[in-house]
Structure formats: structure tokens, C-alpha cells
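Under the heading coiled coil, TrEMBL lists 11-38. Feature annotation from TrEMBL assigns domain 'MacB-like periplasmic core' to 94-342. Feature annotation from TrEMBL assigns domain 'ABC3 transporter permease C-terminal' to 391-508. Summarising the annotation, TrEMBL assigns transmembrane segment to 93-115, 386-409, 441-459, 479-500, 529-550.
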Amino acid sequence: MSAFFRKLSWLRQRRRKEAELEEELQFHLQEEAEERNARGLTDEEAQYAARRDLGNYTLVREDTRAAWGWTLLEQFLRDARYAFRTMAANKTFSALAIVSLALGIGANTAIYSFMESILLRSLPVADPESLVVLNWHSPPPWNGSKQWVHVVHGVQGILWPGDKGAMVSGMFPYAAFETLREENPVLSTLFGYFNGLNHNLAVHGQATSTSMEYVTGEYFRGLGVSPAAGRLIDSEDDRLGASPVAVISFAASQNRFGGPPNAIGQPILVDNIPFTVIGVAPPEFFGVDPAAAPDLYLPMHTNVLVDGAGAARMYGDGNFYWIEMMGRLRPGVGMAQAQAVLAPRFQQWVAATATTDGERAKLPALMVNPGAAGLGSLRRKYSKPLYVLLIMVGLILAITCANIANLLLARAAARRREMAVRLSLGAGRFRVVRQLLTESVLLASLGGAFGVLFAIWGVRSLTFLLSNGQENFTLHAELNWNVLGVTAALSVVCGLLFGLAPAIQSTRPDVTLALKNGRGGGPRRRTQHVLVVAQIAISFLILVAAGLFVRTLNKLHSVQLGYARENILLFSLNARQAGHRDPEIATFYEDLRKRFESIPGVSSATLSQSSI
């Protein structure tokens with residue numbers, strides 16, 4: 001540690017230390033010369049003998065500097081200063097290279113920021129690595145007559161295809177949740193949640209449609225989340241007859257109440273049902289599903305109040321799948337052990353819900369999966385498009401690097417005499433290559449810095465592209481330190497890639513021919529030819545992919561939908577969210593349809609449960 005601070009002191013006081021070193025060396029030379037004068041040598045002979053005994057004066061100074069400071073750092077700083085002077089002397093080339101790299105690196109940064117947020121980022125909760133998600137898979141639910149034969153008689157959620165036509169889902173009956181929660185030896189906490197979609201939220205008389213999630217009493221405790229204000233939902237809140245309470249997101253507390261402290265104790269209306277805000281979630285918390293990111297969290301059993309009698313029936317129906325489950329492993333328990341304990345218990349329970357031999361032949365099997373990143377709905381939806389985009393922009397960056405390498409090779413022809421002079425004066429080849437690579441890496445670093453600015457615009461554009469016009473799109477990538485670190489590493493790698501071949505080529509000239517201004521460079525031409533062929537091949541690949549994309553887009557635009565698409569206005573509404581209840585809802589919708597038809601300019605109006 002003392003050596004480190006000594007070297008640091010050398011950097012801070014370099015001029016004074018240099019002067020002290022020069023004074024010390026001159027003092028020793030003078031002492032040695034005076035001693036030889038005393039032996040009878042002349043002044044000139046004494047000075048010569050003193051310098052001869054000391055050795056190479058310059059080498060002694062360099063060795064002393066190496067002992068006092070960081071030689072490599074000093075050499076890098078000298079190389080960097082020289083590189084900046086070289087770039088300033090070639091402004092057109094430098095600007096072209098920096099802009100090209102900024103576009104290539106910026107595009108890769110923008111794509112990677114989305115991949116980081118979807119595929120790599122963990123939930124902002126305590127110890128996310130110990131979280132698990134429960135899913136199930138089963139054989140295809142259709143029989144030979146294409147009829148649905150399965151214990152899943154109804155589902156409110158997502159089913160997605162698995163391998164070999166299998167059906168996969170994370171939805172369970174509430175009774176299955178209770179069965180797995182009781183006396184669980186492998187999970188310290190098992191909690192459930194249900195995406196309530198959008199509901200009408202009224203605050204101080206102003207109503208808006210708000211995303212909502214029903215959660216069991218163990219939800220926040222199981223995730224290890226602390227409130228930004230107030231308290232969070234617990235088991236006492238999640239029972240029939242409990243006072244209707246709510247937890248809101250940090251953003252909602254700011255937008256609706258002016259901040260978390262002001263939200264606590266405030267009354268709100270959810271579909272005209274009164275609730276009281278008891279807590280505010282922390283600012284970084286978005287739930288367990290990045291695709292949902294609700295603004296409102298309600299106790300699970302309050303869906304009976306909000307959604308009516310239909311919700312009450314869901315609790316007792318063992319064949320209706322609607323609640324999702326996550327848990328936290330006990331210390332020392334692995335996923336394989338949890339799978340071995342929970343799967344047989346679920347298998348025994350679900351077998352009792354089958355009523356026919358066909359249903360018994362296709363029973364769901366429980367799967368325990370890692371839950372550190374939350375639910376995988378966004379990963380299933382966007383991972384493939386993002387990988388395709390990453391490959392495309394990666395190829396574009398490869399073309400950029402090949403193009404800059406070609407430009408560097410062309411510029412190397414103009415610097416052949418400079419390199420020959422350096423080598424003829426004794427400069428080591430490795431030292432010259434390192435100096436040239438420093439130029440390339442600095443060029444790429446400047447491109448990466450400007451690429452970050454381009455990536456900011458790219459993230460916004462890609463967000464709009466992936467959202468496909470959805471107002472409640474919840475995926476928001478950001479240029480955090482992880483993404484910026486990858487950008488910095490990518491810039492260095494690019495600098496090495498496009499700078500290595502020209503640097504090696506530049507240090508292998510025919511010194512005699514170069515000093516005579518001769519031309520040669522057969523190897524340089526061969527390297528350029530290879531780079532040009534690579535550029536053409538990659539460009540052709542990108543053009544083919546772009547052509548296929550345009551052709552697919554044209555075909556999608558030419559699909560015959562079976563109805564006239566012009567002059568159609570689509571919108572959705574939910575009478576129940578406005579406080580209407582059966583049997584008046586049917587009358588409300590019919591009256592509304594007639595009122596729309598009476599509007600001047602409207603030729604007809606109709607209602608549909610599912611939009612076209």
C-alpha cells in the first residue's frame with residue numbers, strides 16, 4: 001500500500017520529482033568527478049570517467065522513473081496525446097470513423113439495453129435468487145375429435161405451447177394454492193397473485209383506467225419488499241370481511257396524491273367500491289411481472305367485492321385455473337428438492353379433480369422454475385425478436401469495423417515512411433503496434449461515447465416499435481451502469497478488431513524501400529481484399545434479410561380480413577367498472593349502442609365481447 005501511495009505521489013509531483021532526480025544525478029556525477037580529480041585526472045577525463053562508471057545516463061533516469069511511477073500508464077498517456085494529435089490532423093477521417101462507430105455501437109447498445117431489462121435483470125427484491133415460480137405442463141388437451149379433454153375446464157390467464165404440442169401455464173385453482181401452502185417443508189413462503197387487468201380508479205372525483213393486481217397476504221412479505229410509506233398488505237387484510245385496503249405504486253402516489261406521505265389513509269374508489277390506501281410500494285418495485293407493472297395492489301379476496309359473484313365462485317372451483325404462484329426456498333433447499341416435494345403433492349391433488357378417464361390421462365405435472373427474474377411473459381414475447389435485431393445490428397457493426405480497417409490500411413500507406421523511420425531508429429515493433437492500437441481504441445471510445453447519445457434515441461424508438469401502439473406498455477429499458485459497461489467493453493473490442501490488422505501491417509514495411517518513398521504493400525492489398533469480400537458478404541446477408549422482412553410486411557398488408565377496414569372506429573369500455581351491476585348491464589349497453597347510432601355521421605354501431 002505504501003508503494004501505491006508513493007507512485008501516486010510521483011504522479012502528483014512529477015515536475016518536482018524530475019528536478020530532484022536530475023539534481024541527485026548531477027550531484028553524484030560531480031562527486032565522482034571530484035574524486036578522480038584528486039587522483040590526478042584532468043577535469044575532462046574525470047567527467048568522462050564519472051559518466052562511464054554511472055552507465056547510460058538516460059537509462060538510469062528511465063529506470064528510476066519506472067521504480068517511482070507507473071511506466072505503462074505514462075506510456076499510455078503519451079500514446080493517447082499522440083493519438084489525439086493524429087486525429088486532429090486527419091479531421092475528415094476521424095469524423096467519418098467516429099460517426100460510423102457511433103451508429104453501430106449505439107444501435108447495439110439500444111438493443112442490449114432491452115435484452116438486459118428482459119433477460120438478465122433480476123427482480124428488485126430481497127435475495128431474488130431464492131425465488132421460484134410454479135408452472136405446470138400437460139399433454140395436448142385435444143382428443144382425436146379435436147375436442148377439449150382436460151381437467152382445466154376454464155382458465156383466466158395465459159396458456160402457452162410447450163415441446164411436442166404440450167400445454168404450459170402458470171395458472172392454478174385457488175384450492176391448489178391452499179394445498180401447496182399448508183405445511184410446506186421446502187418453501188419458507190408461498191404467495192399468490194392474479195392480474196386484475198385495468199379497472200376504474202377514482203381519486204378525489206377524477207376517474208381513470210388503472211392496472212391492478214390482486215395479491216395474497218404473504219405477497220409482499222415473501223418478496224421481502226419494504227414500503228416507501230405506510231404498511232403493505234398482510235394476511236389479516238386478505239380475508240373475507242376485512243376492511244377493503246389498497247397499496248399503490250410509488251409513481252401512482254406521486255401522480256395522484258403528490259407523494260407517498262400524502263397518499264396514506266386516503267379514500268379511493270375501485271369500480272365505485274370504496275378502499276383505503278394503507279401503503280406505497282418502493283419506487284423500484286414493479287411487481288413480479290414486468291409486463292404488468294400494476295399501479296394498484298388489492299388483497300386477493302377483495303375481488304369478490306370488485307368483480308362480483310363470478311369471482312366468489314372461482315374460489316371453490318377446482319377446475320378453474322386463475323391464480324399464479326411464487327415461493328421462496330428455505331435456506332439450504334435447492335430447486336430439485338423443492339420439485340421432488342411439491343410435484344407429488346400437486347399430482348395427488350389434481351388427480352382428485354379429474355372426472356373422466358380422458359382427463360386422468362392428461363393430468364398437469366408441476367414444474368418448479370427459477371424466479372429471480374420474475375415471470376417470463378416478456379421473455380416469451382420479445383426474446384426472439386430482440387435476438388434477431390441484435391444479430392442484425394451486430395452484422396452492421398462488423399461491416400463498420402471492416403470499413404474502418406480498410407480506411408486505416410489506406411492511411412497506413414501514407415504513414416509507411418513514418419513507421420520506417422521509427423523502426424530504423426530502434427523503436428520496437430511491439431511498442432509501435434501498441435501505439436497504433438491506442439489510436440484505434442481511442443477512436444472507438446469516442447465512437448462509443450457518441451453512440452450512447454444515439455442509443456438514448458434508439459431506446460425510445462425501439463420502445464415505440466415493440467409497444468405496437470399499446471398505451472399500457474410497461475417495458476422500459478434504461479442505460480444503466482451494466483449497459484454502459486458493456487458499451488465500453490464493446491468499444492474497446494471494436495478498436496482492437498479494426499486496428500489490429502492495420503497496426504501489424506504498418507510495422508512490417510520494407511524499411512529501405514519505405515525510406516526511399518517506394519511503394520509496395522502486397523500484404524496490405526491482400527488484407528484489404530479480404531476485408532472487402534467480408535463486407536460484401538455481410539451486406540448481402542443483411543440485404544436478403546431486409547428483403548424477406550419487406551416481403552412479409554407487404555403480405556401482412558394484403559391479407560383479406562373479410563370486412564371493409566376503412567372508416568371503422570374501435571374502442572372499449574366496461575360498464576361494471578363504472579359501478580353498473582347485473583341485470584342492468586345489458587340494458588346499459590343497448591341504450592349506449594342506440595345513442596351512438598344517433599350521432600350524425602355514424603352509419604351503424606354494434607357491440608362485441610372480443611374486438612376484431
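Just so you know, glycine gets a Cβ as well, placed from its N, Cα and C.
All TrEMBL annotations are machine predictions without curation.
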PLDDT averaged over every residue in the domain 'MacB-like periplasmic core' (94-342): 90
Other parts of the chain folded back onto the transmembrane segment (441-459), taken as Cβ under 8 Å at six or more residues beyond its ends: 80, 83-84, 87, 94, 97-107, 109-111, 113-114, 404, 477-479, 484, 487-488, 490-492, 494-496, 498-499
Long-range Cβ neighbours of the transmembrane segment (93-115) (under 8 Å; 6 or more residues past either end): 87, 382, 386, 389-390, 393-394, 396-397, 400-401, 403-404, 407, 411, 443-444, 446-448, 450-455, 458-459, 461-462, 466, 475, 477-480, 483, 486-487, 490-491, 494
